[in-house]
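Undergrad: Dumping what TrEMBL says about this protein:
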| type | residues | note |
| --- | --- | --- |
| TRANSMEM | B:9-28 | transmembrane segment |
| TRANSMEM | B:48-68 | transmembrane segment |
| TRANSMEM | B:88-106 | transmembrane segment |
| TRANSMEM | B:112-133 | transmembrane segment |
| TRANSMEM | B:145-167 | transmembrane segment |
| TRANSMEM | B:187-205 | transmembrane segment |
| TRANSMEM | B:212-231 | transmembrane segment |
| TRANSMEM | B:302-322 | transmembrane segment |
| TRANSMEM | B:393-416 | transmembrane segment |
């Protein structure tokens, strides 16, 4: 007898586990960004391209997870959170991977796009700080199943709010690092190729995007809990 | 009258065969559904589920199964118009049994989540309309049965919702959820024993010659609850805090506390199911037996022989042991969304609702109530996602079941009538 249990089919696929899986992938993707600057500093083109390839691969995997998750959220699904909020959270999670991909793509675009002598470390430090912000947001996303258990309220939601507070703090620190980096770039402008200079400013902004998107993940998560 | 006397033994024999067939079908399919939440949440293994079901289904059928059997036997149709042709009622009940059993098998093989209760009610109504006339059907009673199909899942859902909220308040949202779980766990186990016993005793166990007053019922139920709570406490005390697992998921240890508690709700569920659904198999059987044994009298006051209840219980257990384990195995791997806390709420709520309905004699659908209870947990924001499309499909399969059972029963009725004459 090929019985399908009515309960088994009633319980739709919970979106929370795949949400977490996606976020893990995205964070892995971001974590590779500092390695790009390591490779640049040592002028190791081979490693640079390898890291870039890994980032592209992870971004691709995250995309697949995203599309799969979207496909499994039909309108008929009754969830403890608003469907729209969940999809928007997914969107901003994915934007982190997109930023990482953008950085990797830019850095491998042309061989002369290299931070000026002595600045590679500062770029890497900014990237690392942004990665930490992403990791913190990832930590908050890891609490989704606990949040589900407590009905998105109570102590668990306080715990998540605290984590999100830390995400905010980290993000504003990355802003400061970014501005400092821009200033030191400004001081060296006269010795640099103008096109490269513009691209480096863009690079700083793009690295900052990692943290910005992590903060957006936090904001979306707040909305999810707020109802 | 002559037909009954002439073929009485054959009718009895057929009734027992068909009744066993039906009970086997109930055991093979329905019990597995009833136990699904417990197996799915990982609280008990398939083997344990079969053992629990065997004991408690039987107990439920034997101790509390009488009321619903009565409703199935004589609550749905009024046999007065055919008092002079009692064989028609015998044909009809035989037809209803066979039709329901066949439909149940078809539906199970197709994977439709039909209810045994809907099947048998539809079948009885079906033969009554063609065999006796639409007036013979107690439509009033049918409408209350139909109403219960809406009301009982809502009641089940409501209880599950409140249980979920209470667990959250008392356990999950505290400083130390694990300690709170250990503290309140025995109370939740007490509730399982107390409420199940209370609703069982409520109307007295007349066929067992036991009749308790309200106060006595409360006292006995509290006693049973305390015994069960003590057993639960012993089991809960063995659960150790798992720091490693808690890092991964903060409530891992709390869920472990609920694992042994699920054993009790599984017992209650099996008991509830036995008390309600066994009647679907043995109700018609009992009707045939009473007519044959009284020599053709459509007796209204026949009591239910205990051996019939036993037969029903045995049939269910055989069905469970032969087919049910397969069904449960597939379910066990599918319902991973039901953690022990959620499973506990859904199962206890279903069990209470089913016994409550059983004691009022209402033939309710166990599957339907279980679906309602799971939705209750979902509405308490306790489940990741409920697929509401499925509700439509489930509902449809239940609606189809009524006419399907009815038409099948009508056809078989005419075949039997053709064989034995009237």
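Using N, Cα and C of the backbone, Cβ positions are placed for all residues, glycine too.
Any TrEMBL annotation is an automated prediction that lacks curation.
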Undergrad: Which listed range (B:9-28, B:88-106, B:212-231) shows the maximal number of Cβ pairs under 8 Å with respect to the transmembrane segment (B:302-322)?
TA: B:9-28
Undergrad: Under 8 Å between C-beta atoms and at least six residues away from its ends: which parts of the chain pack against the transmembrane segment (B:393-416)?
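TA: For the transmembrane segment (B:393-416), the far contacts come to 91-92, 94-96, 98-100, 102-103, 107, 112-115, 118-127, 129-131, 149, 365, 368, 371.
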Undergrad: Return the stretch with the most CB pairs under 8 A relative to the transmembrane segment (B:187-205), choosing among B:9-28, B:48-68, B:88-106, B:112-133.
TA: B:48-68
Undergrad: So which residues does the transmembrane segment (B:9-28) touch in its own chain, when a touch means Cβ under 8 Å and the partner is 6 or more beyond its ends?
TA: 53, 57, 90, 93-94, 97-98, 100-101, 104-105, 108, 116, 120, 277-278, 280-282, 284-285, 288-289, 292, 308, 311-312, 314-324, 327
Undergrad: Would you kindly list the residues that approach the transmembrane segment (B:112-133) from elsewhere in its chain, counting only those six or more residues past its ends and only Cβ-Cβ distances under 8 Å?
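TA: Residues packing against the transmembrane segment (B:112-133) from afar: 22, 25-26, 29-30, 33, 72, 76-77, 79, 81-82, 88, 91-93, 95-97, 99-100, 103-104, 142, 145, 149, 276-277, 280-281, 283-284, 363-368, 393-394, 397-398, 400-410, 412-414, 417.
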Undergrad: Checking distant contacts: for the transmembrane segment (B:212-231), what same-chain residues at least six beyond its ends satisfy Cβ-Cβ under 8 A?
TA: 186-187, 189-195, 197-198, 201-202, 204, 264
